[in-house]
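Asks: Just dropping this structure here.
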Amino acid sequence: MSKRKHESSDSNKKAMKKQQNKIEEEEEEITNTTTTTTTTNNNYNNIKSNLTIDQWIPKKETFSKRYYEILEKRKELPVWKQKEDFIKVIKENQVVILVGETGSGKTTQIPQFVVDAGLIRPGKMVGVTQPRRVAAISVAKRVSEEMDFELGEEVGYSIRFEELSSARTFMKYLTDGMLLRESMSDPTLNKYDVIILDEAHERTLSTDILFGLIKDILKRRKDLKLIVMSATLEAGKFQKYFENAPLIKVPGRLHPVEIFYTEEAAKDYLESAVRTVIDIHTNEGTGDILVFLTGEEEIEDTCAKIQRETRERGLPPMKTLPLYSSLPIYQQSKIFDTCKERKCIVSTNIAETSLTIDGIVFVVDPGFSKQKTYNPRSRVESLLVAPISKASANQRAGRAGRTRPGKCFRLYTEKAFKELMIQQTHPEILRSNLASVVLQLLKLGVVDLVHFDFMDPPVPDTLIRALEVLHYLGALDDEGQLTEIGSIMSEFPLDPQLSKMLIVSAERSCSNEILTIAAMLSAPNCFMRPKDNRIEADSAKKSFDHFDGDHLTMLNVYHSFKKNGEDPTWCYDNFLNHRAIKQADSVRSQLARILTRFKLPLVSGDVNSKFYYENIKKCIAAGFFMQVAKCEKKNIYFTLGDEQSVIFHPSTGLTRRPEFCIYNEFVLTSENYIRTITDVKFDWLLELAPSYFKQKSFPKKTKETIQRAQRLYSGSSSGSSSGSNKK
């Protein structure tokens, strides 16, 4: 097995181990706090309804020195000046729309104003949604400090597969997806007195569904208040949707920002971004730099180039920091640290509105972001690099004017900004696969999807395709009603395909293996590929690669991780992301609890059986039979159904080219790639999803492929008896 070479062995290893131990202690502390929450909640719930507001929300008599230091900074925020006006309006109205530019303080202060106004009754909470996990965690941490409480006690957070709260929590920051999931077990959101939908301008899929659900709940719960907060002037649309709710405007940008455009479009926006950062560092005054890029690989490569250029040119030191959602929390928090040298933060659009970073004076904006797209006819959902909207460009520029006059360097022409960029990014609901959301709505009893109160109704084609997908997966019957399997599928915080894969795994005696694969697919990528060690990293990955494909490779990684005692050093040596696999381990435990709740047995297959890997692959195929590709020639495949010509993504460990394979992702970049691939036999697909493959609407080449396979299958099965493989 390939091992990572350490340049200065002993000192580096000791430092690395010390850092990893620190991470482990932090993660263990979070886990312990979360576990304690579960046991104390039940006892406390019995008495908290009898408490007064003063007993429920503690009135502290003594505060730390840091509390008073932070308080002075809070009073300088633009939103603080409107505290009394806001409290008056929210007391008099059930719904309030608040527009405040990024940096106005609305995300941290408005929930505290709600508490100060006495609007949270004993045993109830104010829930604040965020579109991104990193924002939910970082803002909860900040607010707990501002209120002089310990994170996870009075102020907590909840993201997918992770919650830090207690029986004393009266303020909770959570992702919009988590609030949507909570509504399935608490349809009237009874635990909340006030709900704040923050960053509503981002129009995520979950936020748009919450608009419709909460609008209906407000009619039944006159004691519930809703605050919709946006960083852009889409307020008129929100006001109209919520029956002319009052609008409060809060100024945000404290200082002017000078905008610079390029004379012509950059041929390579990454090279142009690096060059611009070096020019700023060489020729401009003090102040930190924020660069917007589209994804993890771009960001890591650009950080390395900036560091190398700075070093080779003999420039003053500059701390270059990456920021993206899958980055470990302890690394994300470094962007808030103060340091003597200039900071250059290279980020996805997570820094556009979700996080406020003090000290930014210069912004570099290439004008691109990764955006989700969905083709309902081909059922292909992809992340594409696409131009941003004018609203996003203005948000990015606004990051530079927080603490003093700033500059924004746009790596595109003024003409492109004025004539080519759209005004607002299209709502996610208009460009997403809706199968998961439709399943949740059906579970909530929303059967008339066509007349559901969407702010922007999705095209009928998208809803029809979502219903078709759920029907083929067995979640809906022929009348469109939720089946027993569909009801169980809705309980998993997963895509319907993964849920189906889990449910059928018990029948084939491999639920433990499928749990592992589902968990690994739900966590960040476990393989690390540093720019300077790519050959060694690729060699290390090959030692885990499975002959049959990437899903089984993930199983190998997890088993090796457990066999080696979850050792961070072992992960480091083998170019594995320790935190990602630990997260997968935590996800696995939660998914196992859901299986147990529905009395689905946790069993492992006999690894020595000739059917061991076949049963695992059949379970994967039971969820992903709609994502099949057939080999057409050497390295070229075509996808069944939409007949797209595709090739394997370079990251796959499947070196041979099987006739048929299933894939998890369709990736559109310079090529049409399929990623996370496993070899399957077509007769399995006919056995697992006969109704899907009997469709008359398939295009010609797909029909011919299916008919040919059916003839081969019927011919081979008539000449031999096929026993059950469920052993």
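The backbone N, Cα and C atoms fix where each Cβ goes, and this holds for glycine too.
Features from Swiss-Prot:
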type	residues	note
BINDING	G100, E101, T102, G103, S104, G105, K106, T107	ATP binding site
COMPBIAS	31-41	compositional bias 'Low complexity'
DOMAIN	87-251	domain 'Helicase ATP-binding'
DOMAIN	273-445	domain 'Helicase C-terminal'
REGION	1-41	region 'Disordered'
MOTIF	198-201	motif 'DEAH box'
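Can you walk me through where each of these features ends up in the structure?
Replies: Sequence-distant neighbours of G100 (ATP binding site): residues of the same chain at least 6 apart with a C-beta under 8 Å from its C-beta are P78, V79, K106, M229, S230, A231, K249, V250, P251, G252. Taken residue by residue with DSSP, G100 (ATP binding site) is part of a strand.
The residues of the motif 'DEAH box' (198-201), classed with DSSP into helix (H, G, I), strand (E, B) and coil, number 2 helix, 0 strand, 2 coil.
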Asks: Other than G100, E101, T102, G103, S104, G105, K106, T107, which residues of the same chain sit close to ATP? List them in sequence order, counting a residue when its Cβ is within 8 Å of the Cβ centroid of the site.
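Replies: Along the chain, the qualifying residues are L77, P78, V79, A231, V250, G252, T356.
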Asks: To see if you understand the setup: which same-chain residues, six or more apart in sequence, place their Cβ under 8 Å from that of T107 (ATP binding site)?
Replies: V128, Q130, A135, V139, D198, E199, M229
Asks: Counting other Cβ atoms within 10 Å of each Cβ, which of the binding-site residues G103, G105 scores lowest?
Replies: G105
Asks: Mind giving me a neighbour count for K106 (ATP binding site)? Other Cβ atoms within 10 Å of its Cβ, every protein chain shown.
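Replies: Taking all protein chains shown, K106 (ATP binding site) has 29 Cβ neighbours within 10 Å.
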Asks: Taking the Cβ of S104 (ATP binding site) as the centre, count every other Cβ atom within 10 Å, in any protein chain shown.
Replies: 25
Asks: If H, G and I count as helix, E and B as strand, and all else as coil, what does DSSP give for K106 (ATP binding site)?
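Replies: Looking at the DSSP assignment, K106 (ATP binding site) belongs to a helix.
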Asks: Average the pLDDT scores across the domain 'Helicase ATP-binding' (87-251) and report the rounded value.
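Replies: When the pLDDT values over the domain 'Helicase ATP-binding' (87-251) are averaged, the result is 94.
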